[in-house]
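**Student:** Please see the structure below; I have some questions.
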Number of protein chains: 2
Amino acid sequence: MSTVTRQLKLGAFMRPVSIHTGAWRYPGAWRDANFNFTRLKYLAQRLEQGRFDAFFMADHLAVLNMPMEALRRSHTVTSFEPFTLLSALAQHTTHLGLVATASTTFEEPFHIARRFASLDHLSEGRAGWNIVTTSNPDAARNFGLETHVEHADRYARAREFYDVVTGLWDTWADDAFVRDAASGDYFDPERLHVLGHAGPHFSVRGPLHIARPVQGWPVIVQAGASEAGRQLAAETAEVVFAAHGTLEEGQRFHADVKGRMRSLGRDPDHLKILPGAFVVVADTVDEARAIRARLDALVHYDSAISSLSVALGSDVSHLDPDGPLPDSLPESNASKSGRERVMALARRENLTVRQLAQRLGGYAGLSFVGTPRSIADEMQQWLETDAADGFNVMFPWLPGGLDAFVDKLVPELQARGLLRREYEGTTLRENLGLPRPQNRFFAPRS
Amino acid sequence: MSTVTRQLKLGAFMRPVSIHTGAWRYPGAWRDANFNFTRLKYLAQRLEQGRFDAFFMADHLAVLNMPMEALRRSHTVTSFEPFTLLSALAQHTTHLGLVATASTTFEEPFHIARRFASLDHLSEGRAGWNIVTTSNPDAARNFGLETHVEHADRYARAREFYDVVTGLWDTWADDAFVRDAASGDYFDPERLHVLGHAGPHFSVRGPLHIARPVQGWPVIVQAGASEAGRQLAAETAEVVFAAHGTLEEGQRFHADVKGRMRSLGRDPDHLKILPGAFVVVADTVDEARAIRARLDALVHYDSAISSLSVALGSDVSHLDPDGPLPDSLPESNASKSGRERVMALARRENLTVRQLAQRLGGYAGLSFVGTPRSIADEMQQWLETDAADGFNVMFPWLPGGLDAFVDKLVPELQARGLLRREYEGTTLRENLGLPRPQNRFFAPRS
């Protein structure tokens, strides 16, 4: 196949390192992969060998909301905190982007601006900020709030939060620090801007007491799929982590968000849309499917059947686990499209109730399960039909699922010209092909 | 001299790496020492060679309060953020304690508990928390507050903050994570405690979503010298960073705080009092004094004379810089003892107005300026007369002032048995000789 000029951008999802709830039980898997720094260092270094753009750390401000019978089986309950982990990983890598999730709901913009600037300096320009709003009521209760802020207000707050943070990053001109030992001037006061922000949600004076980040601003990442989320992404995001089940959904989202960017006068190439993808690669399709079936079988049935009942909006725990899902189920107020998608999945793959439940309890989103060639075909199709600019990859388990991706799939993608052989630059922006933002308060000195 | 059993504990103060405002201008000094990770890595690794207990990072939540004419000459205006910096330094050291300052005034206990736990895991048990309250009004304005909380309320809040954070650290029993692949149990629900704190300042449910720190709790550090600060230290601190001008002040403070501990039933050995000390070591006393004079001369006179006017409570900018300070000055509402101390210093060292001003503008607190032998004598006296358990060292400049300490003074201290030759353990607690706190909710399993 001929070399293509457009290439896939690859993120690697973490927290947990495998989204699949059975991953830690897989034979040979590192059971403590989420919480042993040695394992995470291995992960980061392998990602760099595989020429990934970024390590993407999701985050939560509470133990995940689930009943104790499911929670006790979850490998997500202990995890490093993103800023500390990524600063440590920066010391063991040289090109990998380091994206931390930070909530605009329970944080202060001054702290967030400072921490990302510090991470960007410590990593020499590899930081990214995944801006999220937090809707988990258990998180609210960790910060003294009993009820949760409304969706619309969360987004208005998020937008103002972003304005304050980016304004604080621009406190100092890039050339502010003259450090002139002879005169005694450490900086040039003309190259310092005091923000003085006063808005409906935040009042923040500044200045920020850290130099402008290496990248100007760390890369801005978002994941919101709602109307408000898409608009915020079109206005501000440079990477979007999306969740699409099908190519057509990907195409619709891609066209919508990039269209919004054009309306706003933004270059659509300055935003990379990366759907999450669970990737199981093996030498044959049958082997890959067997790995997935084995993984799914490790999802505890109690957790699995309750996931299925939630998805269908109907208690199905009385059904025969080894029989098929009935063609009709009682009406419910569960999302109709979600319910139909689940029922279609059962029919398409001819799954028993148990298998379907374990699929949902493991990972039921976009998956590529096959050989290096079949998966490269699928990824190429997503790229070439404008359904994605790349993927945010989820590995089935560590280290085997990761190793298979890097050792088998990456060479195939590189041979097709779909993935870089060497990094283009040293910063995350350079590798993603994103411009360095101008300082809004200071033009470069002529 | 015979080997003593009690040894000095040594911290190294940072932020800035040299407290002396002229340090960055010293010939051969790294002008960017506060903000170049390569320099800080060198510092941390040298401290470890010198068998220091800990790297202590002060912190501020705003640019330091000073007029622009002084600020423009300050090397403190750009600095890394503590958690990100210390997590990175943890990757380049193996025994050095890593103490971060975190404010109880503008932070949330859930975030702080989580970040210190993460740093403690990433450093394998080397984290310490310097608990401060923040009184800088410029910091308040970075967090939407125009007026500042009262001193007494700041301390009540600090105490409750400490209770919440330590309670969150005890969320999980040390043996909670069973990771039993066969049964599918990742943890034992009986070994999880949900805090459910509801108090006057904070309402925090928990659980914390990170395992109990390696040290049980990171080491608790404090610096408050007020009545409320001493009491909080006696109740909770394991290290106190003190600021004493004289041996007698050190003895009084030591006796007071350790007496309070006895009254509370705490073992006085479980708190180490480390006065800050600015140390200039050279082969002769004259050479050491010349280094200090040269450093002081690099403090800009405009900044220096305004420091002196503040200290004396009287504008002295009209005086002849090269003449002596007059014996009498107009009455003022400056602290009488502070004013007398400054005047006594001028008389004792026969300083001109300029020299006195530059001393205050540089560093006027406790200093040891001399040879390895003379400084070891002084440190030994402080240790043996119960004025200190060690020191929080401030270097005159980097790298030379640091190198002189490690290469000249450390061997002299070791030869006298005043400083370890090898670390006692791998955690900060082990090296400081502090017990690992019991989990308040779980006894060890029998």
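Every residue, even glycine, has its Cβ placed from backbone N, Cα and C.
What TrEMBL records for this protein is below:
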- B:24-384: domain 'Luciferase-like' (DOMAIN)
- B:Asp59, B:Thr101, B:His151, B:Tyr155, B:Ser226: FMN binding site (BINDING)
- B:319-339: region 'Disordered' (REGION)
**Student:** Need the DSSP three-state call for B:Asp59 (FMN binding site) to compare against my parser.
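**Tutor:** Reduced to three states, the DSSP call for B:Asp59 (FMN binding site) is coil.
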**Student:** Can you see whether DSSP assigns B:His151 (FMN binding site) to helix, strand or coil?
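**Tutor:** The three-state answer is helix.
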**Student:** For a quick check of packing: other C-beta atoms within 10 Å of the C-beta of B:His151 (FMN binding site), how many?
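**Tutor:** Taking all protein chains shown, B:His151 (FMN binding site) has 13 Cβ neighbours within 10 Å.
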**Student:** Taking helix as H, G and I and strand as E and B in DSSP, count the residues of the region 'Disordered' (B:319-339) in helix, strand and coil.
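**Tutor:** Tallied per class, the region 'Disordered' (B:319-339) gives 4 helix, 1 strand, 16 coil.
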**Student:** Over the residue list B:Asp59, B:Thr101, B:His151, B:Tyr155, B:Ser226, recorded for FMN, what is the maximum interresidue Cα distance in Å?
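**Tutor:** About 19 Å separates the two most distant Cα atoms.
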**Student:** Tell me which residues of the chain lie with their Cβ under 8 angstroms from that of B:Thr101 (FMN binding site), as long as they are six or more apart in sequence?
**Tutor:** B:Arg15, B:Met57, B:Ala58, B:Asp59, B:Pro82, B:Asn130, B:Val132
**Student:** What three-state class does DSSP give B:Thr101 (FMN binding site)?
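**Tutor:** DSSP call for B:Thr101 (FMN binding site): strand.
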**Student:** Across all the protein chains here, work out how many other Cβ atoms are within 10 Å of the Cβ of B:Tyr155 (FMN binding site).
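**Tutor:** Cβ-Cβ neighbours of B:Tyr155 (FMN binding site) within 10 Å number 20.
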**Student:** Per-residue pLDDT averaged over the domain 'Luciferase-like' (B:24-384) comes to what?
**Tutor:** 94
**Student:** Counting across all protein chains shown, how many other Cβ atoms sit within 10 Å of the Cβ of B:Asp59 (FMN binding site)?
**Tutor:** 18
**Student:** Using a 10 Å cut-off, grab the number of neighbouring Cβ atoms around the Cβ of B:Ser226 (FMN binding site), all chains included.
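**Tutor:** Summing over all protein chains shown, B:Ser226 (FMN binding site) has 10 other Cβ atoms within 10 Å.
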